[in-house]
Amino acid sequence: MIKIKVSEIFTSFQGEGPYVGTPATFLRLYGCNLNCEWCDTDVSTYEILSVGDVCEILISQMEFNNIKTLIITGGEPTLQMDEIKGLIKELPKDIKIQLETNGSIFDYITEIEYVISPKENKEKVFENYYKYENTFFKFVISSQKDINEVISLKNKYNYNKTIWLQPEFSQDIEITNLLRENFPRLENVKLSVQTHKYLNQR
Ligand code: SF4
């Protein structure tokens, strides 16, 4: 029996990124392989559940709330990618599944969409995923250097799809102003704001 380490399951609006505002059920998996200084996610506690039990909880929560989107997040969910693949096999096929990942563990499958937020080795992460249709990139921006990195990746890989730029929350106003100053150099970008934090939601 496949087991998954689950930190929490809840239903809310997606607060950030390309699908901001979408009602969704969230499956937050335990653990991360990185240690970002501004990390705001508590994945210190977890329960070990069978894939069957997780599936049952998700389906009942999604049916009750009339939800069609499942967001698998973390931490870093790809640490449990085999378990995720087992879960996907058991879930109804009409559920849209998105995976929020830092992209450091490359594991691409066609059944899901990826929202990739590279934190380390950003170019390698970008190179691995940028050519796939169902991938979206969201970069946390905390400095001019971060903006320069995004611009150079867009140019080097001739990437014309939208990229979401998310000001690091503790300096949200300053970084938004900095992004505005960079407008002449930015193309096909959108601002991603962590709306759930302003609204005191999960
Ligand atoms: S990758 Fe995400 S969850 Fe992991 S430490 Fe960084 S911000 Fe936190």
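Cβ from N, Cα, C; glycine included.
These features come from TrEMBL:
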{"type": "BINDING", "residues": "Phe13, Gln14, Gly15, Arg28, Thr73", "note": "substrate binding site"}
{"type": "BINDING", "residues": "Cys32, Cys36, Cys39", "note": "[4Fe-4S] cluster binding site"}
{"type": "BINDING", "residues": "Trp38, Cys39, Asp40, Gly75, Ser117, Pro118, Lys119", "note": "S-adenosyl-L-methionine binding site"}
{"type": "BINDING", "residues": "Thr41", "note": "Mg(2+) binding site"}
{"type": "DOMAIN", "residues": "19-202", "note": "domain 'Radical SAM core'"}
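Other than the site residues Phe13, Gln14, Gly15, Arg28, Thr73, same-chain residues with C-beta atoms no more than 8 angstroms from the centre of those residues' C-beta atoms, the substrate site, are Ser12, Glu16, Ala24, Phe26, Ile71, Glu100, His196, Arg202. Between the CA atoms of Cys36 ([4Fe-4S] cluster binding site) and Lys119 (S-adenosyl-L-methionine binding site) there is a gap of 8 Å. Looking only at the binding-site residues Asp40, Thr41, Ser117, the one with its C-alpha closest to Arg28 (substrate binding site) is Thr41. For Thr41 (Mg(2+) binding site), applying a Cβ distance below 8 Å and a minimum sequence separation of six or more within one chain yields Arg28, Cys32, Gly74, Gly75. With a cut-off of under 6 Å between the Cβ and any atom of ligand 1, the binding-site residues Phe13, Gly15, Cys36, Thr73, Ser117, Pro118 reduce to Cys36.
Each of Leu34, Asn35, Thr41, Gly75, Asn102, Lys119 belongs to the same chain as Cys32, Cys36, Cys39, is absent from that list, and has a C-beta within 8 angstroms of the C-beta centroid marking the [4Fe-4S] cluster site. Here Phe13 (substrate binding site) comes close to Val20, Gly21, Thr22, Pro23, Ala24, Thr195, His196, Gln201: these same-chain residues lie at least six apart in sequence, with C-beta atoms under 8 angstroms from its C-beta. Its Cβ taken as reference, Ser117 (S-adenosyl-L-methionine binding site) is surrounded by 21 other Cβ atoms within 10 Å in the chains shown.
Among the record's substrate binders, Phe13, Gln14, Gly15, Arg28, Thr73, no two C-alpha atoms are more than 14 Å apart, and one pair sits at exactly that spread.
Looking only at other Cβ atoms within 10 Å, the busiest spot among the binding-site residues Cys36, Cys39 turns out to be Cys36. Across the structure, Gln14 (substrate binding site) and Asp40 (S-adenosyl-L-methionine binding site) are spaced 16 Å apart at their Cα atoms. Residue pairs drawn from Trp38, Cys39, Asp40, Gly75, Ser117, Pro118, Lys119, the listed S-adenosyl-L-methionine binders, are separated by up to 16 Å at the Cα level.
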